[in-house]
Each structure stands twice: as C-alpha cells, then as structure tokens.
Amino acid sequence: MTRGRYRWALAVVAVSAFMITMDNSVVAIAQQTIRDDLGLSAAELRWVTIGYIVMFSCLMVAGGRLADLYGCRVTFVTGMAVFTAASAVSGLAESAPTLIGARVVQGSGAALALPALLVAITVGRDDRQRSLGQVVWLGSLACAMAGGPSVGGFIVERWHWGWIFLINVPVGVLVIALGLAVLRGRSGRAGTALDMPGVILSATMLFTLVYALHAGGEAGYGDPAVLAVLGIAVLAAVSFVVVERWAPNPMIDMGFFRNRVFSGGLASSMLWGIGFNGVMYYSALFMQTVLGFRPTTAALAYVPPALLVLVLTPVSFVLAGRVGARPTVAAGMLLLAGGMAAFTALQAGDGFAELMPGIALCGIGSALTMPLAMYALKAIPDERAGVAGGILSVVREVSAALGIAVLGVVIDVLERQAARSGETGAEAFRHGASVGLLVGAALVLLGAVISALTLPPRRRTPAGEAPVPVPRPERVREPVAVGAAYGGSPSSAEPGAWFVQPSGRLGGTTGGRRYRPRYTTSGPDWTPPPDPPGFADGDRFRG
C-alpha cells in the first residue's frame, strides 16, 4: 500500500472509530429526552444502551475472525452498511421495540466493522505504520469520549433526538465508499475456521446473564423465570469452556487464563469497566434529575475528564515505564473509586464547583489505568496478540453492560424502597444512585488490589551493578567474492556449514537451524560465526 493510500486508510479508521464510539456516548446524554418522548420505562431505557453493547461484545471476536477469512475491506464494508442502516431505523423509531431492536442490529454492525479497522492498521504494517495507526485509533476514541456528550446535548437542545442517530447515515455512506477504495482485500489467512459453537455459546451466555440481571431487578431474583435464565447462563458458560478446550480453532485459547499477568489484567479491566461505565451512565441521570442540569450543561461536565484522559494518557505510559505498571494502574483505580464516591456527597442545587472535584478524579484515574491493556498483552506471545486483544476488547464491552446492569439493579431496588417511604422522585433517585455508585467504587477498589498483586513491577538493576549497554548492530555493505560453488543443501548441511541456495544466495546452518547472515555486530562479547568457503578472514556477507 502506498503512503498516500495508507493515509486515506487512516482517515477511514479515524472517522469510523469516532462514529462507532460516539454513537454509544451520545445516548447517555439524550436518554432522558428519549424516555420522555417515547414513554420508556427505566428497564426499556437501559436496553437502548445494553442491547447495543451486548451484541457488540458477543460478535467482536467473531468479527475479527471474519476479517481474517475475508479480508478487512469486505468485513468493514458489510459491518458499516449494517451499522448505517440500523442508525437510520433508530433515528426514525417511534416505539421502544423498534428502537431497542435497531440498536441491537447496530451493535452487530459495529462488531464487524471495528475489528476490521484494527486489522487494517496492524496486519502487514511496519513498526512506524503500526505506531501511527495506534495514535490515530486512540485519538479518535478519546475525541469521541470528549465530543460525544457535547454533540448529543447540542442536538437534543435544538432538534429531535433522532438526529443523534441520523447523523451517522451520510458519514457512513462516505466511509463505506472510501473503504472500498483504500482498504485491502483478502488477508491471505483464509484457512482459519470460524468457531461457530464458541460464537453461539458466548452470545447465549452474555445475553442470558445480562437479561437475568435486568429481570431480577424488576421481578426479584427468587422469581422462577429469573432463576431459569440464570441457569441457562451458567450452563452456557460451562459448555463454552468445555467446547473451547477441545475446539481445533477455538475462539478463545483457554491457556491464556493460566498467565497471571494476563488474567490479572483481564479481571482489573472488567472491574474498571463496571465502575467507569456505571458512573458515566448514571452520572448523566444524576446531574439532570438531582442537580437540575439541562442536557447541554450535563454534556459539558464530561469534557474536562475526557480532556484529562487525552492529555494524561501519554504521561501514564511514561510513568508506568519508570515506576512500573503495578503502582501506576493501582493508583489510577484508587483515584477513580474516589471520584465515584465523591458523587454521593452531592445535593440538590449543587453546581459545577461541587461537581468538578469528583469528575476530575475520575478523569485522572482513568488516564492512569490506560497502560493496563498494553501490559496484559505483553504477557502473551506476539503470534497470539490479536486474539488476546480481542478478549480484552470483549471484556471492556461486557463490563460496560454489566456496569449498567449491576448498578442499575442496586439503584432501582433502593429507589423503589425510598419512594415507598415517602421521598420525592429526585430524592429517591439520589438515594439509590448514591448507594449504587458506592458499590461501583468498591468494585474498582477490588480491581486496584488485583492490579497491585498481578501486574509486573518495574525491573530494577541490582545495587552496585551498572546496567550493561546492548551494542547497536552495525550494518556493513562490503563486496562479496565467493570462490568455487559450494555444494550441499539446508537439509544435508552439518551445523556450522555454509551452502549456496538454489536462488544463488548464501545460507548456512547453526545447530540444525538454517539462517542467512544479514549484518554484523560489534562489541566485546560478540563472537563471529565461522567464515564460509571463499571468504577472506574478517569479510562478512550481508544478504
């Protein structure tokens, strides 16, 4: 791919990632308007968000496999077409079933498109292109976090709430056309099989688990129907583990979970996601219901923490490199838990001055936790990093659904109890939300403990021992003169022997492993390999 074409591909990645991420954040600020316009119950309103997240989570790893099978271009265009069509239906919806169903379909389209974008910026790229792609990727996500609520508040204040979805239609058509032109076709790994039993079982497990959490808050967890759904979730989870252990091409390699750093990072990511997404979702309702903020004002409250995340994320990576991932991530989770707890002190009539300390703590804490995923991935071999990244992405999205569901159960139960005791609607919601956010803060604190126990500390040089510098390879371009042709082959050559390959290039073997000398190195401990036939002493070959 030429440099200009790769830049256009990065434009597709930036716009698409921004649109998919923002589509979830704009709903948080518009949910009160949607609820009033369509007459949604609290449970239906939650499913407007949860339906998107759960479908996105269920199919994300499968979307990555499809990108391997059919290439990122076909997978991205298909997913974005589904996402764009579902956005149009969501914007025109006039009932709860239509809106929730369209959001579920929208999540399935996003699950196909987003992994294909990751393939586009990583597979077949050199280190410089991958680094540039990651910067564009993370920048798009941060901008969506910062701009999503503001865009949603601006639209809701001036136009019909449906435009938060309809705005995706022209942008989606544009990136589909651009993706067809600049993204690559088949990736050359079509032999990989899609683990359909794993896809079906994981989807069943996630849907039934979240539905049981939702239904239990309405009917009680002792209800036979709720217990039956929970039983299906447990059965699907056990079946998924068994199937994945014996599948020839498992969707998730169970061996990953025996790695302490990866498992600890996974658990910490789950607990962080529950707390962060819970506070993002319910703080919007808290600000509008308890503090009396307008949607635009509530949206502005999300800009400072998003900017803090954008600015401090590079600092957090530098800090983790100097003092270690363990104290950096653990400190971030402690600050996030403190910010969540600060919400419980807010009272009706409070403004930005009382709100900002807790919001700022959430932003700083979230920025410090950003290295968590990188250190978890570093614990997995490079050849399996794609699958490991898919697992982390799924955990991040599932934790969002669980954060809304778990905290929602606590808030709903306590809100109804407070209402029965005679408290007004705003006071009853404040009571339930305060306890719910404290529960989320406790889960984040548990994540801080797990991070402190499992993530790698900073590697220290023993006292009195200076670090040994690693010599930098010196590339040598020298003429090569080979005398008589050397017979032999890679399979028959003895260890240490040299041979001329059929292509005319010089090769050799070491300990039974074939190699081609590429360049020389220098240093006090470097020992040169034996000279091949026809080489003068000290001459080296560069292939």
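FYI, residue positions are counted from 1 along the chain as it appears here.
Backbone N, Cα and C define each Cβ position, glycine as well.
According to TrEMBL, the feature domain 'Major facilitator superfamily (MFS) profile' maps to 9-459. For 485-543, the entry in TrEMBL reads region 'Disordered'. The transmembrane segment annotation in TrEMBL covers 46-67, 74-93, 135-155, 161-182, 194-213, 225-243, 264-287, 299-321, 328-349, 355-377, 389-411, 431-455 (among others).
A contact links the transmembrane segment (161-182) to the transmembrane segment (74-93), because at least 3 Cβ pairs that are 6 or more residues apart lie under 8 A. Tertiary proximity for the transmembrane segment (225-243) is limited to same-chain residues at least six positions away from its ends with a CB under 8 Å from its CB atoms, namely 197-198, 201-202, 204-205, 208-209, 211-212, 215-216, 219, 250, 254. Between the transmembrane segment (194-213) and the stretches 46-67, 74-93, 299-321, 328-349, 389-411, the greatest number of Cβ pairs separated by less than 8 Å involves 46-67. Between the transmembrane segment (328-349) and the stretches 46-67, 74-93, 299-321, 355-377, it is 355-377 that has the most C-beta pairs under 8 angstroms. Simply put, out of 46-67, 264-287, 355-377, 46-67 has the most Cβ pairs sitting under 8 Å from the transmembrane segment (74-93). Cβ atoms under 8 Å from those of the transmembrane segment (264-287) belong to residues 25, 28-29, 31-32, 49, 149, 257, 293, 297-298, 301-302, 329, 333, 336-337, 339-340, 343, 346, 355, 362, 366, 369, 372-373, 375-376, 379, 391-392, 395-396, 398-400, 402-404, 406-408, 411, 429-430, 433, 436-437, 440-441, 443-444, 446-448, 450-451, 453-455 of the same chain, restricted to positions at least 6 beyond its ends.
Across 46-67, 299-321, 355-377, 431-455, stretch 46-67 shows the highest tally of CB pairs under 8 A with the transmembrane segment (389-411).
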